[in-house]
Structures are given as C-alpha cells and as structure tokens.
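Here is what TrEMBL says about this protein:
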- 12-29: transmembrane segment (TRANSMEM)
- 41-59: transmembrane segment (TRANSMEM)
- 65-87: transmembrane segment (TRANSMEM)
- 99-119: transmembrane segment (TRANSMEM)
- 131-150: transmembrane segment (TRANSMEM)
- 171-190: transmembrane segment (TRANSMEM)
- 232-263: transmembrane segment (TRANSMEM)
- 269-292: transmembrane segment (TRANSMEM)
Amino acid sequence: RQFPGCGNIVTFSQFLFIAVEGFIFEANFGRKRPAIPIRNYFIMVAMFFTVSVVNNYALNLNIAMPLHMIFRSGSLIASMALGIIILKKRYSVSKYTSIALVSLGIFTCTFMSAKQVASDSSLSEEDGPQVFLWWLLGIAALTFALLMSARMGIFQEMLYKEFGKHSKEALFYNHALPLPGFLLLAPNIYHHAVLFNQSELFQVPVVGLTLPIMWFYLFMNVITQYVCIRGVFILTTECTSLTVTLVVTLRKFVSLIFSILYFQNPFTAWHWLGTAFVFVGTLMYTEVWNSLGPFLARCRRRRPKEE
C-alpha cells in the first residue's frame, strides 16, 4: 500500500527464500537428481515467472487489491476454457452454470471498478483518460496472467500423469530456476530496497531488533507466503482436488474481506454482488454441495445415541 510498485522485490524475496530452503532440504545441495526431466521444469518455470511478474505489474496499473483478488478467482473459467480447447474435455451443465456465475461476478466487479476509475473526482480532465487507459492495460495484464496460469496448470497436470507427483521437487524448481530472470528487474528491485531502507524504524516485539518497518513487512510476507505455498502443495498430494480448490477459494474470500475492512478499500453493493457470484459459482464448480450431504449423513450415523 505504501509502495504499490514493490511487487518485484516481494516476489524475488519469496522465490529466493523458497529456493534456498529447497536447495538444502529437497535437492540435498544439488546432489539429488530430479524425477521430472529438467527441460520440462524450464517450460513450467517460464510460465510461472511470467504469471508472477505480470500480476505484480497489474497492481501498478491502477488495479485495486480487491479487484485483483476477484479477477484471479476466475482461474476456473480459464482452466475450463483451455481444458476444452487443449485436452478436449467436456463438462456437465452444472459446471457450465457455475462458470457463467463466476464470469458474471468478475464482469460486475470489473465494470463497477471501471466506473470508479473513470469518475474519480480527484483526477483532472487531462489525467482522467490516461489513468483509465492504464487501468484497461492492467485488466489486460490480469487476463493474460489468468490464461497463462491456466495453461501452466494443464502442463503441470500432464507432467504429473507421465512422471508421477513430486510436489516438493516442483516447488523447489519453480522457485530456483527463475532466479536469474530477476536480473532483468534488478534496477526496480534495488530502487525499492532503497525506499525500504528509508521507511520509518520499527522495533520487533520480543526480539527487540530495530529495523525499517518495510523490511519487517517483507520478512513477514515471505514467511507467510512460504507457509501458504507449502500448505497448498501438501494439500495437492494429501487431499482431493475438490478439497484443495475449496480451501484456496475460502482463503481468497477471507483475504478479500480482510482487505476491504482493514484497508478500507472502496467496495459497493455491486462489488458484493459480484463477489457473491464468483464464490457461489466456485463452490458450485467444486460440487461441495454434493459432498456435504454424505459427509453430514456419516456424522449423524457416528453420533452416539441419547440414552
């Protein structure tokens, strides 16, 4: 919020931390050979790096964080569309209905955000159209990242079918191989490192260490991102895709609510309606309603009889 263009230093820090951890504990200091041929990881990493960087730059193009979250929740649409085109998949009517709801929700939120940008009273007549064009470019960037992310998911699914699931290995290579690519972003990363150094000092509780508050925020972001990404990769191997999708969707919803309430981001009744469409559509897609029935029935059968 203080430095909207700091996405690159945040992503670089996340990638570096996860890569170092993976190099030590997964790759065994480079002595362990990958189960999946390395050339496939290079393809996956090119997609992963592109998605991360484009999503970061979208925040620098007048895209508010709530809209960013809602738009990225449309990954089901992109996955379904590319699944039909590339894998020749076919889906049930309920799946198409859920995708229509998600699409409607994203369109509603995007349209209302466009009106907010266009009618921003703080902008001059000269700046208004320019800001709106940058916002349109941000929407285009989010759309591109959404499709690229879906294509990466399909590629990853095909690799896992051929070579088996290796989530920890994939986590390591997806974060280690892109590190040289950050050299292209080095001036931007260095610029924000200087800005971080100039932020107000903050004393870390318990430890008593004093450091610029932006570095503390970055450290906490890296740690929580590591816990999050490890959790998602563990879920993909321990739980069904239904459970993973449901958990990630609920996590996005909680993030959205927190962002609106804590940071007081602008959110109208239309935004709430669009958000409801997105998350109801997502839950319909995961067929969580069908799973809850048998689950509740089992719970009732296990309940001890009253004496």
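Every residue, even glycine, has its Cβ placed from backbone N, Cα and C.
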State the residues, same chain only, that lie 6 or more residues beyond the ends of the transmembrane segment (65-87) and have a CB under 8 A from a CB inside it; answer 'none' if no residue qualifies.
55, 58-59, 95, 98-99, 102-103, 105-106, 109-110, 113, 139, 142-143, 145-147, 149-151, 153-154, 245, 249, 252, 255-256, 259-260, 263, 265, 267, 271, 274-275, 278-279, 281-282, 285
Among the recorded stretches 12-29, 131-150, 171-190, which has the greatest number of Cβ pairs closer than 8 Å to the transmembrane segment (41-59)?
131-150
